[in-house]
Amino acid sequence: MFQTLYNYFWWDRLWLPVNLTWSDLEDQDGRVYAKASDLYITIPLAFLFLVVRHLFEIYVATPLAGLLNVKEKIRLKATPNPVLEKFYASSSKHPKQSDIEMLSKKSGCMVRQVERWFRRRRNQDRPSLLKKFREASWRFTFYLIAFIAGMAVIVDKPWFYDLKEVWKGYPIQTTLPSQYWYYMIELSFYWSLLFSIASDVKRKDFKEQIIHHVATIILISFSWFANYIRAGTLIMALHDSADYLLESAKMFNYAGWKNTCNNIFIVFAAIFIVTRLIILPFWIMHCTVVYPLDLYPPFFGYYFFNFMMVVLQSLHIFWAYLIIRMAHKFITGKVVEDERSDPEETDNTEEEEEVTKNGPLSNGHPVLNNNHRKTD
């Protein structure tokens, strides 16, 4: 049964153009081709990324937070109350008015006290600025290095300047060592993001983030073993071109450098819209949808790859909408906040009782009562 499914999954007709088989992509005469088995290494590399990230956040991001004067907030703890805690954990973090009145009777607290308890309890679960700063610092570092490395991989290639070169000789295209490592590192990083997503800072687009990570992993993996590598390197570099700007904007935002944050965000918004809403659909996707048909009739792999590209593009449109909303608020002089953040994660309501700690972090560590949160 398993062998039958395995054979059907790797059926030549699914992933390769007509009249071509996997044997055509076997290494020979010094020519090396991509293989699905190459991707096995990305799982242990993903765990290595998690270890490196942990060390980076402790020994690089935390001291950097102190240097940038990242200020924590002392959050008042909710008084221990078994009745309210049980409702908070099992029913809702945002009780309705009728629930508040019911809990008031059960707990022996006034309605106002119940409301205050839930505000403070939600506040305890919010991520600390240090946690958010660490996460943004790690992603900024990776995306910047990945973008520079990606450009080094593709800038001297003819398909960087002429997209028709992407399909020249396809799929009999030799894999270069630089392409191998670019793919393995990018795929390993996205595996690590998927593994850590439950503990990372969460935002309103949590589900969209999961879809994005899964779609990206599928696209990178498929483009590797089906030898869509030239198109894949272009797509990865295109995505990395804006991501490091977003993470740097978040870092300055957490540090309280609002003007710097806003200026970087405007640059990020412009690059994001140009790369994700113009270059990707009208150049790259045109390259993956139209040009292959000049060489081969469409096959399942062709449809599959472009379907996943449509999924990715749909997410880009969703995020572009949020970015444009944020840019509009900035231009009209309103306070710019991350549109993906939950309202309960903002600490500027009159009802929240928080005290901003004077001065930077002590030895790079926040003084908190408790805490936990993500942006991209």
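Cβ coordinates are placed from backbone N, Cα and C, and glycine is handled just like the others.
Feature annotations, reproduced from TrEMBL:
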- 39-68: transmembrane segment (TRANSMEM)
- 69-129: DNA-binding region (DNA_BIND)
- 131-332: domain 'TLC' (DOMAIN)
- 140-160: transmembrane segment (TRANSMEM)
- 210-229: transmembrane segment (TRANSMEM)
- 264-284: transmembrane segment (TRANSMEM)
- 304-324: transmembrane segment (TRANSMEM)
- 338-376: region 'Disordered' (REGION)
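Under DSSP, the residues of the DNA-binding region (69-129) split into helix, strand and coil as follows: 35 helix, 3 strand, 23 coil. Highest Cβ pair count under 8 Å relative to the transmembrane segment (210-229), across stretches 39-68, 140-160, 264-284, 304-324: 304-324. Averaged over the domain 'TLC' (131-332), the predicted model reaches a pLDDT of 92.
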